[in-house]
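The next block holds one structure in the form of structure tokens; read it before the comments.
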Protein chains: 2
Amino acid sequence: MAEDMLTQSIQQLKNHKIRVTPQRQIILTYLVTHHNHPSVETIYQDLETQLPNLSLATVYNTLKLFVDLGIVIELQNGDAGTHYDFFGRPHYHVVCENCGKITDVFEPDLSSVEVKAAEISGYLVTGHNMEVYGLCPDCQKALGVTQPSDLKRLNLNLSHSE
Amino acid sequence: MAEDMLTQSIQQLKNHKIRVTPQRQIILTYLVTHHNHPSVETIYQDLETQLPNLSLATVYNTLKLFVDLGIVIELQNGDAGTHYDFFGRPHYHVVCENCGKITDVFEPDLSSVEVKAAEISGYLVTGHNMEVYGLCPDCQKALGVTQPSDLKRLNLNLSHSE
DNA sequence: GTAGTTGCAAAGGATTTGCATTAAG
DNA sequence: CTTAATGCAAATCCTTTGCAACTAC
């Protein structure tokens with residue numbers, strides 16, 4: 001399964017006549033096997049044992065390449081940098097506005113929204129990115145928030161909280 | 001209508017005991033009356049006649065404040081900086097991957113996705129942000145692309161184009 | 001062999017911060 | 001008055017770039 005995704009993505013590189021370097025294979029493998037929505041820095045640190053001379057610039061370049069190919073998508077969670085996620089199956093994300101945690105959600109399918117958006121806007125639609133914001137279960141407990149009205153008590157930098 | 005939105009947003013500042021300074025009023029008015037999805041730099045330049053001593057830092061601070069209050073949302077379009085949009089009525093955006101243009105779409109309502117995401121993830125959901133990617137009508141013409149299969153001919157940095 | 005990639009360091013650019021000054025309530 | 005907000009400049013941090021050395025094909 002993860003193997004398939006990896007093989008398929010490498011084939012995609014070959015189709016585009018993009019060289020399959022060890023760096024690209026290792027970063028790709030990392031992304032296929034980790035669902036932790038890593039930042040560039042996280043990927044860089046996690047791979048330093050496997051690739052001692054790996055350059056941050058290479059991580060940046062490689063991720064940009066993967067994003068352009070549609071293999072990987074970019075995410076923001078309110079922290080400083082950009083996070084990345086292998087996009088083998090369409091899904092979207094729920095982001096915790098308190099701790100920045102990102103959770104995958106595979107339902108419902110939002111392709112109908114793409115169709116509708118194309119009709120209304122006249123764009124030739126190629127994809128989408130959905131982010132839902134909220135408080136993750138852990139932060140709800142930690143903050144003593146269990147219903148929407150509790151949010152008003154908080155002086156957090158929570159967006160969308162009226 | 002635009003007046004209402006402005007009054008309502010200013011009331012929101014007062015409710016939060018946030019001072020209603022001329023800078024905040026002018027930036028808010030700008031956002032309520034412009035649907036051009038401006039960057040910080042654009043806002044800064046457009047307001048320099050009205051507020052000769054306006055500081056870029058104030059624009060940044062003010063926008064961050066408005067985002068935290070949920071009055072305004074942030075958008076990325078692939079260009080360098082962040083863009084902003086007054087969020088008086090829920091809507092989402094279609095972004096051109098070639099020229100960066102951003103178009104508002106007010107249908108369909110996606111609140112049901114929030115509900116579903118909350119059920120699945122256990123988050124207390126407060127909002128969402130949907131971005132649909134594609135080629136705007138102008139860029140379709142300019143590039144001679146009229147159907148999805150034409151995208152394969154392009155060597156552009158288009159994400160999601162396989 | 002040769003064009004595309006890498007690693008490194010330096011450069012670039014968006015955003016934030018510190019602090020004295022100003023002004024909202 | 002009191003405290004938050006502003007403006008300015010410097011600082012910070014993420015990301016990109018230039019270029020010589022290297023390597024996938």
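Note that Cβ sites are derived from N, Cα and C of the backbone, with glycine treated the same way.
Annotation for B:C96 (Zn(2+) binding site): same-chain Cβ neighbours under 8 Å, separated by at least 6 residues, are B:N77, B:I102, B:T103, B:G134, B:L135, B:C136, B:C139. Under DSSP, B:C96 (Zn(2+) binding site) is assigned to a strand (E or B) in the three-state scheme. The Zn(2+) binding site annotation in TrEMBL covers B:C96, B:C99, B:C136, B:C139.
Annotation for B:H128 (Fe cation binding site): spatial neighbours B:L110, B:V113, B:E114, B:A117, criterion Cβ-Cβ under 8 Å with sequence separation of six or more. In three-state terms derived from DSSP, B:H128 (Fe cation binding site) belongs to an extended strand segment. For B:H128, the entry in TrEMBL reads Fe cation binding site.
Between the listed binding-site residues, namely B:C99, B:C136, the fewest other CB atoms within 10 angstroms of a CB are found at B:C99.
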